[in-house]
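> This is the structure, below, for whatever I ask next.
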Amino acid sequence: MLKYLLYAWFIIIGATLGIYGAPFIVEMFDNVPGIFDNVLVHGVVGAVVFTLALYWTIPYLIRWIRAIEESLIKSNVMDIVFASLGMIIGLLLAVLISFLISMIEIPLINNVVPFILAIVLGYLGFQLGHKKFNEAFSQLPLLNRIQRQTSHSPTKYLDTSAIIDGRIIDVVKTGFLEGDIVVPQFVLDELQLIADATDSVKRDKGQRGLDLLSELRQASDNVSILDIDYKELDVDAQLIKLAKDNQGVVVTTDYNLNKVCQVQGIKVLNVNELSDAVRMMITQGDVLDIFVSRVGKEEGQGVGYLDDGTMVVVEGGKHLVNAQIKAEVKSVLQTNSGRIIFTKQVEAS
């Protein structure tokens with residue numbers, strides 16, 4: 001679509017130049033056929049010549065416009081508003097100065113200087129509005145307070161692991177995750193790739209992730225898909241770049257991605273860390289109701305699990321498999337993968 005719009009723009013510019021410029025060229029030659037003394041012909045010739053001469057610039061213009069579009073999409077709305085206001089103020093100043101200059105009545109100055117002023121002051125106004133409005137707010141206490149009161153939480157960007165994990169849905173439903181929640185297109189593409197894998201385990205994970213994503217979008221109106229793709233980077237690097245460019249937050253369960261984000265100064269919400277933080281506090285001497293589901297690795301041990309998935313090892317519990325018992329906590333071991341609670345059956349009194 002953009003390509004055809006540029007072609008149309010070239011044709012309009014070429015036709016305009018032909019209509020206004022061709023008569024001067026025709027006057028330079030003698031015995032010009034009458035057909036060339038026609039406004040329609042001038043417009044058609046101008047459009048064809050101009051378009052053929054500059055059609056090679058179309059791909060470069062498209063890339064340039066796409067880059068500007070991507071930059072605007074990533075920019076804060078207030079940045080765009082104040083940059084636009086700054087540019088308008090700059091152009092108004094250029095008009096006022098040009099009006100004063102027109103009194104000099106020197107043709108060269110009257111024709112050239114206003115054009116230069118419009119470009120320079122418009123650009124300066126845009127840059128000042130874009131880069132300095134935060135400083136302006138800081139000098140106005142009332143506006144600064146309003147900005148803080150109306151500011152939103154940073155955007156949360158979900159990675160593939162957080163979606164497949166599924167616990168993020170419960171976090172969203174309870175309202176603990178504020179602000180916009182965004183699933184980038186490249187994360188959705190990776191989910192689709194996993195869902196189409198030949199390996200049955202990967203395929204099941206991918207399909208589960210797509211189902212959970214659909215459930216997540218139904219659970220909250222703040223969840224959206226962002227059509228963006230940094231094709232030269234892998235998925236994790238794209239997510240990091242996206243969060244960094246937009247001062248966002250990465251939501252993940254991936255330990256390595258968590259560490260990389262921390263190194264690069266990007267805020268991370270790790271679902272595993274949240275799960276650990278809200279787990280029930282268990283100390284030595286507490287008594288737990290445990291269903292012993294299987295035999296442990298060490299001789300004589302039985303193993304059960306709490307509701308949050310924490311492993312509970314029952315000393316001498318091998319003969320208690322498939323039984324519901326009360327067990328007293330002897331010690332708690334914290335590992336990288338979670339907690340392991342060591343217990344001993346409480347003898348019935």
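Heads up, the Cβ atoms here are built off N, Cα and C, so glycines get one too.
Annotations for this protein, taken from TrEMBL, read as follows:
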- 281-349: domain 'TRAM' (DOMAIN)
- 7-26: transmembrane segment (TRANSMEM)
- 38-58: transmembrane segment (TRANSMEM)
- 79-102: transmembrane segment (TRANSMEM)
- 108-126: transmembrane segment (TRANSMEM)
> Which residues, given as numbers and ranges, are at least 6 beyond the ends of the transmembrane segment (108-126) yet have a Cβ under 8 Å from it?
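Residues 83-84, 86-91, 93-95, 97-98, 101-102.
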> Let me spell it out: take the transmembrane segment (79-102), skip the flanking residues so only those 6+ beyond its ends count, and list any with a Cβ under 8 Å from a Cβ in it.
72, 109-110, 113-114, 117-118, 120-130, 133
> How does the model score the domain 'TRAM' (281-349) in terms of mean pLDDT?
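87, rounded to a whole number.
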